[in-house]
Amino acid sequence: LGCAPPNIFLVGCASISDVIVQIVFVAILLNSNLQCYEPMLIPILSLYMGVLVRFTIVSLGYYHKIHEIIPDSCGPDLGGDVTIKKMLSFWWPLALILATQRISRPIVNLFVSRDLQGSVAATEAVAVLTATYPVGHMPYGWLTELRVIYSAFDKKNPGNTLTNSGSMVTQSHIKKFTFMCLALSLTCCAVLFWTPHVSEKIMVNIIGVDQDFAQLCIAPLRVFSFFALPVTIRAHLTGWLMILKKTFFLAPSSVLRIAVLITSLIVLPYMGVHGGTLGVGSLLAGFLGEATMVAIAACYVKQKQKKKKAKDGATAAEGEESSPIDEVEPRDEEDDIEELREEC
């Protein structure tokens, strides 16, 4: 409900406040004695303070704007009775995906450092990854939030006053908006990472590294410019599957991501790829594998929808401009799993 159009501004303010508080506390703690005794506590404490502020803002907004409009129970008109089992079956694939995303970078750091056998170059390669990740993540990281677009304009969400007021947002509108976001991200990547000397200036003037180190960051940053496409595909299709409550089909993508990531980290060194480029290139391969599996899952679900429409006698024209939630009635995830087993 927090992603509904009337409330998304509050969520955005909470996120911005999180970042601002972290920056302020880092500046304050750098001028304290903590810098001399326990410098590693500075980013940790700042992170905790930022999360606390975000949690406070979101909690207050929830109780002020959302709490009263949530029904006591979900009847058939709101998608059926909600049970703990159904919530867990919806949640665990998303949790698995998040867990695999979080362990990807430690795995990359481990393989990159071992590839260069613990030498000075290995330390330098890990440092390149650490320095380039926030810069490379900046032009495409926000594309992940495209997954909430479908749920934000779901007509069955009681908090979506915009959709209930007659402002119809169709699947076609969402696809066009997603394409515009992808184009904007690719443009930013082209300007920042492929324009001569721009990426070096970012690393030297903003991150604060020397010119020689900045030269090592050019190739990894250019590899980061290709992340926008798989991230957009993954986010768009994940949001579509979430609104249909078919997150079970997302689970294999997390397994494939780790498998492709580790395979790339093993194979690419034999092709002459080492250092920071090895790490970022392997991450890209993992993203591509994950996006491919999500696309396959979406195609499978779409095919099931078409078969159901054929049985119900629905016309193809009715599905083109309808909301995805209207395209098929939600079914229990146990039914999907059982059908999948029968087909296999």
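Backbone N, Cα and C define each Cβ position, glycine as well.
Caution: TrEMBL annotation is automatic and unverified by curators.
Summarising the annotation, TrEMBL assigns compositional bias 'Acidic residues' to 318-344. Feature annotation from TrEMBL assigns region 'Disordered' to 304-344. What TrEMBL lists as transmembrane segment is 7-30, 42-63, 177-195, 223-243, 255-272, 278-301.
Counting Cβ pairs under 8 Å to the transmembrane segment (42-63), the top-ranked stretch among 7-30, 177-195, 223-243, 255-272, 278-301 is 7-30. Tertiary neighbourhood of the transmembrane segment (278-301): same-chain residues 104-105, 108-109, 111-112, 115, 125, 129, 132, 136, 220, 223-224, 226-227, 229-231, 233-234, 237-238, 240-241, 244, 246, 249-250, 252-254, 256-261, 263-265, 268-269, selected by CB-CB distance under 8 Å and a gap of 6+ residues from either end.
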